[in-house]
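Taking it in order: structure first as structure tokens, then the write-up.
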Amino acid sequence: MTIHAEGLVAIVVFYLLILVVGIWAAWKNKNSGVGDGGERSESIMVGGRDIGLFVGGFTMTATWVGGGYINGTAEYVYLPDYGLAWAQAPFGYALSLVVGGLFFAKPMRSRGYVTMLDPFQQLYGKRMGGLLFIPALMGEIFWSAAILSALGATLSVIVDININMSVVISALIAIFYTLVGGLYSVAYTDVVQLFCIFVGLWISVPFALSHPAVTDISVTAKEVIYQSPWLGKIEPEDNWLWADNFCLLMLGGIPWQVYFQRVLSASSATYAQVLSFLAAFGCLVMAVPSVLIGAIGASTDWNQTTYGSIPPKDKEESDMILPIVLQHLCPPYVSFFGLGAVSAAVMSSADSSILSASSMFARNIYQLAFRQSASDREIVWVMRITIFIFGALATAMALLTGSVYGLWYLSSDLVYVIIFPQLLSVLFVKGTNTYGSVAGYVFGLLLRIGGGEPYLKLPPFIFYPGWVTQEKTHHLTGQVEYFVQQRFPFKSVSMVASLLANVGFSYLTKYLFESGMLSHKYDFLDAVVSKHSKEIMDKATLVSNHDNIILSEMAPVRQVIGASLAGTFTNAEALSDEGEDSPEAFQN
């Protein structure tokens with residue numbers, strides 16, 4: 001296959017468009033949220049908290065509708081042993097946004113947090129915040145690396161160019177406009193990228209459906225033509241496995257900084273909820289063309305195409321079914337539109353993850369844990385440096401690591417098993433403390449790692465009920481691999497165990513110290529007796545026991561009060577249903 005000049009032109013034009021929009025957004029909003037004593041670093045992280053419904057809805061949708069989302073949905077619909085029944089991402093992430101909007105968006109936004117880790121550091125202290133930063137960072141970096149790797153493979157299918165070069169150029173562009181404009185650039189480019197995804201994929205679908213090699217997908221949905229029906233089915237023995245994975249998507253999709261970065265940038269707590277519901281609808285709509293492309297792949301006689309007689313599933317290329325359909329079932333100029341869609345999807349996720357990771361590091365690790373007296377200018381430069389470092393790290397992993405998707409699967413599991421129960425505890429359970437948080441962290445980690453991870457060839461050391469040994473034969477080499485499949489819903493059980501450990505150990509240590517059974521001098525984490533008063537963050541108070549922090553105990557900060565931020569901490573409407581658990585508002 002030769003290099004397609006038209007494809008290269010299409011890629012260059014698209015990338016230039018994204019770059020121009022990102023720079024324009026940075027210039028247009030360079031002073032937003034900074035006036036009247038505002039801080040530039042906070043404006044970069046949460047966009048001045050004035051993101052409206054239109055841009056906010058697009059950027060929150062684009063956060064989920066990334067390269068992995070559209071490629072993965074098409075892959076699972078295409079795979080003979082899975083089908084639409086196992087393509088859980090669209091419904092799982094849509095419900096994740098609904099649950100997030102109903103229960104998590106309002107308390108997080110109304111309390112004026114800047115990152116997802118703020119409530120953890122506020123209640124559990126800086127050391128626990130640092131521990132929780134690890135799985136959160138792993139999730140963001142591995143996700144960015146996985147989708148960048150997918151982009152390189154996609155470009156190699158449609159346009160025969162060097163994979164490494166395409167990954168590096170894509171990453172550099174995303175890093176550059178994120179570095180220049182922060183959340184504003186990410187949000188505005190997401191509008192363009194989501195539009196490109198929608199148009200690019202929908203243009204491709206009619207051409208692919210009308211190809212002579214494609215059988216009517218309504219027939220192949222229920223009948224065996226070239227492979228098993230693409231609707232798929234769930235075997236009775238797999239019910240718990242299916243439910244476990246669905247809960248992971250629905251609940252594990254909530255505790256991500258990329259989601260809360262959008263929530264916290266909304267102009268009000270109510271808007272944050274509405275954005276979540278809009279994004280849930282957007283995720284379902286954007287999944288439709290991917291489902292159709294996966295169904296088309298399962299309905300194609302590949303012997304009649306330029307792809308060859310061996311179908312993608314037998315070449316171990318099922319994960320590339322979307323670009324393969326674009327390349328071999330659509331005219332070249334149409335496939336280039338689809339290529340733009342895939343590139344847009346990848347960049348819309350990569351820039352968000354890189355910005356989220358750098359925001360958490362700059363604020364929760366650098367500023368609040370080590371340099372509480374750091375100037376705003378210093379925090380901005382730390383963010384810029386870490387945007388580049390984390391972007392470079394994700395790019396290097398995409399180029400050098402073969403099992404990057406396995407790493408992302410494991411890290412996303414850890415987010416679900418460790419961070420989600422911690423978030424539940426810190427927002428909705430009174431009386432939890434650092435000892436319980438550490439216990440929940442350890443319990444969740446051990447139970448999840450103990451179940452193993454076949455994708456990483458990580459063997460289990462805990463064999464849950466119902467485990468079976470499976471074999472996988474590589475069609476090209478004939479090599480047979482054996483791995484243990486845990487059909488027990490051990491991920492969800494690990495999450496529940498982590499939550500119970502947090503609550504149980506918190507109340508146990510509270511009772512032991514307050515009853516005098518343990519001397520106060522053994523409260524080495526300052527979690528029960530002295531409440532780690534020197535580590536408390538700014539802008540909020542503890543909700544545990546309704547104890548307020550006096551201002552003298554807090555690090556000197558400047559409250560951000562701008563035209564769009566005036567009601568951030570005194571929004572009566574946002575706090576109206578929070579009851580007595582709501583933190584009191586501080587005013588200078």
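Backbone N, Cα and C atoms are what each Cβ position is placed from, and that goes for glycine too.
The transmembrane segment annotation in TrEMBL covers 7-27 (among others). Panel annotation: around the transmembrane segment (7-27), residues 155, 158-159, 161, 169-170, 173, 176-178, 180-182, 184-189, 192-193, 196, 332, 335-337, 339-340, 343-344, 347 of the same chain, lying at least six beyond its termini, place a Cβ under 8 Å from a Cβ of the stretch.
Distant neighbours of the transmembrane segment (85-105): 60, 64, 69, 72-73, 76-77, 79, 231-234, 242, 245-246, 248-254, 259-260, 263, 266, 269, 272-277, 279-281, 283-284, 287, 291, 294, 423, 427; these residues of the same chain sit at least 6 beyond its ends, with a Cβ under 8 Å from one of its Cβ atoms. Annotation comment: TrEMBL describes 85-105 (among others) as transmembrane segment.
Counting only same-chain residues 6+ beyond the ends of the transmembrane segment (131-159), those with a CB under 8 A from a CB of the stretch are 3-4, 7-8, 11, 66-68, 71, 116-117, 120, 166-167, 170-171, 255-258, 319-320, 322-324, 326-327, 335-336, 338-339, 342-343, 345-346, 349-350, 353-354, 356-357, 360-361, 364-365, 390-391, 393-395, 397-399, 401, 404-405, 407-408, 411-412, 414-415, 418-419, 422, 438, 441. The transmembrane segment annotation in TrEMBL covers 131-159 (among others).
Within the same chain, residues 15, 18-19, 21-23, 25-29, 32, 43-48, 51, 148-149, 151-152, 155-156, 261, 265, 343, 346-347, 350-351, 354-355, 383-384, 387-388, 391-392, 394-395, 398-399 sit at least 6 positions outside the transmembrane segment (165-184) and bring their C-beta atoms closer than 8 Å to a C-beta of that stretch. Sequence annotations record features per position, and here TrEMBL assigns transmembrane segment to 165-184 (among others).
The transmembrane segment annotation in TrEMBL covers 191-209 (among others).
As annotated by TrEMBL, transmembrane segment applies to 240-259 (among others).
Only residues 6 or more beyond the boundaries of the transmembrane segment (271-296), in the same chain, are considered here, and those with a CB under 8 A from a CB of the stretch are 52-53, 56-58, 60-61, 63-65, 69-71, 73-78, 84, 87, 89-91, 93-98, 100-102, 105-106, 108-109, 194, 197-198, 201-202, 204-205, 208-209, 214, 217, 220-221, 230, 262-264, 321-322, 325-326, 329. Here TrEMBL flags 271-296 (among others) as transmembrane segment.
Among residues of the same chain six or more beyond the transmembrane segment (333-358), those with a C-beta under 8 A of the stretch's C-beta atoms are 4, 6-7, 10-11, 14-15, 18, 59, 62-63, 65-71, 136-137, 140-141, 143-144, 147-148, 150-151, 154-155, 158-159, 170-171, 173-175, 177-178, 182-183, 185-186, 189-190, 192-194, 196-201, 203-204, 207, 256-258, 261, 322-323, 326-327, 383, 386-387, 390-391, 394. Taken from TrEMBL, the feature transmembrane segment applies to 333-358 (among others).
Residues or ranges marked as transmembrane segment by TrEMBL: 379-400 (among others). If you look at the transmembrane segment (379-400), the same-chain residues 6 or more away from its ends with a CB under 8 A from one of its CBs are 39-41, 44-45, 140-142, 144-146, 148-149, 152, 164, 167-168, 171, 174-175, 178-179, 182, 350, 353-355, 357-359, 361-363, 366-367, 407.
Tertiary proximity for the transmembrane segment (406-428) is limited to same-chain residues at least six positions away from its ends with a CB under 8 Å from its CB atoms, namely 68, 104, 107-108, 116, 119-120, 123-124, 132, 135-136, 138-139, 142-143, 145-146, 248, 251-252, 254-256, 397, 436-437, 440-441, 444-445, 447-448, 453, 455-456, 458, 491, 494-496, 498-499, 502-503, 506. The transmembrane segment annotation in TrEMBL covers 406-428 (among others).
Taken from TrEMBL, the feature transmembrane segment applies to 435-451 (among others).
Beyond the ends of the transmembrane segment (240-259), by six or more residues, the same chain brings 60, 63-64, 85-86, 88-89, 91-93, 95-97, 99-100, 104, 115-117, 136, 139-140, 234, 352-353, 356-357, 359-360, 412-413, 415-417, 419-420, 422-423, 466, 485-492, 495 to within a C-beta distance below 8 angstroms of the stretch.
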